[in-house]
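**Q** Just passing along the structure, written as structure tokens.
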Amino acid sequence: MSSQRDTKVWVSVFFSCLFIQPSIHAKDSLRSGETLYYNQTLVSAGEVFVLGFFSFTGWENQYLGVWFKDDKERKPVWVANRDNHILDSSDYLSIRRDGNLVIADESSANWIINSGSLSKTNNTIAKILDTGNLVLLDGDDNGKIIWQSFDYPTDTYLPGMKIGHSNSDPNNKKSWFLLSWSSPSVPSSGTYAFGLDRFNKSLFNVWRRASDVYQPVGLWDGSSFRFFFQNSSEGFNFSLVSNPQEDYLTFNNMGDNFSAWFALDSNGYIIEYRKLQEGITREIHSPCDISNSLGINSQGCLIPRPSMCDAGDGFFEHRGVTQISSIATVSATVGYGDCELICKNNCSCTAYSSVDDGGSCEFYYGDMNDLVSKMNAGNNSVYVRENASQTSDNGRKRKLLVAIIVPVAVVSSTVFCLMFWLYYVQRRKRKCLGMYGFLRRKKENFQWFPWKSQDHTEATLDANNLNEFGAKDVHDHDLPEFSFSRIKAATNQFSYQNKLGEGGFGAVYKGMLLGHEIAVKRLSKYSGQGLEEFKSEVQLISKLQHRNLVNLIGYSVRGEEKILIYEYMPNKSMDSFIFDPSKQHLLDWSQRLHIVEGIAQGLLYLHKYSRLKIIHRDLKTSNILLDAYMNPKISDFGMARICLDNQSGTKTSRIVGTYGYMSPEYALHGLFSTKSDVFSFGVILLEIVSGRRNTAFNDPDSNLNLLGYAWEVWKDGRFMELLHPGLAESSSESEVSLCIQIGLLCSQENADDRPTMSDVVSFLSNKEEILPTPKQPGFSALLNLVGAASSRRRQEQSLNTVSFSGIYGR
């Protein structure tokens with residue numbers, strides 16, 4: 001017995017030592033040259049708050065957060081990288097040489113924490129305050145705040161934080177709101193939000209993202225504020241600020257011995273925390289239980305009423321891992337609360353779990369006891385319906401019928417689809433098709449009617465085409481459709497102040513939808529290609545999932561209005577950095593190399609690993625967007641094409657694209673393939689290295705563009721002359737040479753000579769690999785493409801060829 005007791009003591013000591021978090025000499029700040037690793041912390045001067053890395057799953061999925069020092073549960077009140085978790089413990093927090101606060105790893109890939117307000121000085125200090133506010137201070141300007149975490153709240157409303165809107169910068173409107181976690185143990189952005197009503201500046205709501213469902217939870221009555229679940233606001237000093245620059249609610253605690261704050265949990269509940277001498281207490285308030293005595297109506301309670309299942313609506317948690325066969329998985333932008341609601345309203349659902357960091361749900365069907373008995377040891381949370389095994393005989397019969405009917409239906413559908421596919425393969429030669437094809441039933445045979453193909457002339461869209469498109473193609477997608485009036489309100493009536501830019505087929509606006517910043521692409525009603533481009537992007541991007549592709553979150557159609565809704569990229573497009581002299585220094589060499597690798601990975605996915613081979617056809621620097629951590633995301637798929645099977649490419653009679661990025665075979669002959677995208681990638685790579693546009697490059701000693709100049713200096717061994725001067729200190733000659741050589745290989749005149757994107761990714765990852773010697777690039781001298789195309793058209797007309805081509809520049 002004594003031996004067992006000693007063993008337990010030593011084990012206890014071991015684990016106690018393992019989880020002790022050493023700090024950097026109990027410091028509250030981080031200066032240039034210092035680092036904060038996963039097992040270190042910063043502590044505020046009054047020892048109120050702690051800044052450090054945390055994880056709910058061991059060493060993996062690390063987050064940087066702030067929590068109360070004396071909170072035994074260490075529940076974070078703010079998370080820096082909630083949607084970009086760290087995979088291992090080698091990452092660290094530091095201040096980069098340009099003064100920006102970053103999470104970096106051994107490969108020098110940086111995530112800029114203060115991307116919303118970048119530093120203009122390299123003398124900065126990061127400091128955690130006793131308020132819980134993490135600030136980046138200007139060491140050259142008496143500690144002026146450059147950036148603060150209070151401007152970017154997560155799920156917790158601390159004293160001193162703002163909830164509302166800022167209108168001070170018409171081009172960059174800010175909103176302060178809470179966004180729930182995906183689940184109790186996953187900090188990523190969840191389902192529910194809390195903030196100021198867009199139209200009523202005294203009303204505060206909780207709403208479900210990507211839906212019209214919301215619930216008022218608080219009101220400013222002109223002199224004071226209180227939540228509807230509070231009998232009084234005693235102990236809180238709320239203040240509402242409303243002026244032309246900003247509208248927001250803030251609060252402070254009254255009294256030195258009283259400390260309280262609020263949080264929005266993953267179920268949409270508001271939790272009221274109070275810090276007392278004996279510890280931290282909490283009180284949970286459901287928006288649906290609020291007695292709205294003020295008579296304010298919403299569009300319905302944001303949490304639906306319980307279903308009337310015989311087995312009950314309560315769920316209790318089991319910890320473990322299950323491999324039950326009767327599992328249905330739903331992947332979407334869902335949170336922990338969504339999984340419970342879906343299962344609760346399906347009486348056949350026995351249990352559910354939230355997986356993939358809250359990005360999808362798994363639902364279980366069958367006997368509860370069978371489910372629980374087969375669970376193995378593990379840390380997953382499986383929520384089982386109470387009394388789920390006590391079903392009636394009728395329920396068993398219904399499940400038996402379902403168990404028979406569903407497999408029969410699935411098998412029958414599979415056989416039918418297989419027969420149709422074999423029939424289709426025999427009827428038609430496989431070829432590269434436009435994104436605009438759709439199946440139509442005619443008489444008793446299925447026929448393929450492509451909007452574009454090699455042997456079809458351009459389709460003219462009449463009213464019937466538009467109606468059929470609107471009724472069948474768009475609404476078949478899983479993307480949510482928003483009303484036009486809602487999008488109009490979200491963008492402030494498509495105001496000029498909200499306008500982010502304008503492309504060849506429409507304008508892009510910044511907006512605020514359901515508490516979430518969005519980018520709204522409004523296709524021009526006067527563009528002949530507007531409908532085709534809209535159809536293409538909806539059909540394509542809704543099915544693509546890759547970290548280096550932009551995320552399409554919805555659409556809107558009303559008459560001639562066609563609108564695409566994307567996630568908002570705070571750093572906008574890459575060209576705003578690499579071509580702007582005032583911003584070029586913000587992307588050092590390692591960051592540019594990180595962007596190049598991300599673009600290559602995104603293109604490789606399109607060309608090889610997506611369900612169908614996809615050719616972008618309009619790849620350029622302005623179509624590469626940068627998220628808050630400078631991760632590149634390929635956008636604008638309006639002119640993309642799908643290729644089936646091993647077909648390498650095809651010919652089009654309408655050439656659309658951007659001068660300077662189009663490959664020679666596409667610009668002059670209408671031939672496009674994956675190698676066309678490779679050419680565009682090569683141009684982008686050389687632009688990233690040089691910081692100069694291909695089309696705007698002007699060598700005074702020759703008639704060369706950027707490609708031609710890169711070819712000349714590389715041949716002569718003077719390749720460092722191509723590098724932007726601001727990158728000289730942060731780059732290495734070997735990496736610069738490698739990138740220039742890859743750029744020249746990709747931009748060779750003959751498409752067959754160019755590498756595939758698989759080759760490019762290999763070149764970038766294996767820097768010791770011996771690369772082929774590039775040949776002269778295409779369009780290496782300044783060339784009038786329009787004149788060349790016009791000359792070619794005259795020749796084709798004299799030879800009585802079938803196809804006529806025009807170049808539509810953007």
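Using N, Cα and C of the backbone, Cβ positions are placed for all residues, glycine too.
Feature list, courtesy of TrEMBL:
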- 27-149: domain 'Bulb-type lectin' (DOMAIN)
- 309-388: domain 'Apple' (DOMAIN)
- 400-424: transmembrane segment (TRANSMEM)
- 494-771: domain 'Protein kinase' (DOMAIN)
- Lys521: ATP binding site (BINDING)
**Q** What same-chain residues, at least 6 away in sequence, bring their CB to under 8 Å of the CB of the residue listed as 'ATP binding site'?
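**A** Once residues fewer than 6 apart are set aside, the residue listed as 'ATP binding site' is near Gly506, Ala507, Val508, Ile563, Leu564, Ile565, Tyr566.
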**Q** Check Lys521 (ATP binding site) against DSSP and tell me helix, strand or coil, would you?
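**A** In the DSSP reduction, Lys521 (ATP binding site) maps to strand.
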**Q** Looking only at the domain 'Bulb-type lectin' (27-149), how are its residues distributed among DSSP helix, strand and coil?
**A** 1 helix, 52 strand, 70 coil
**Q** Over the domain 'Apple' (309-388), what is the model's mean pLDDT?
**A** 65
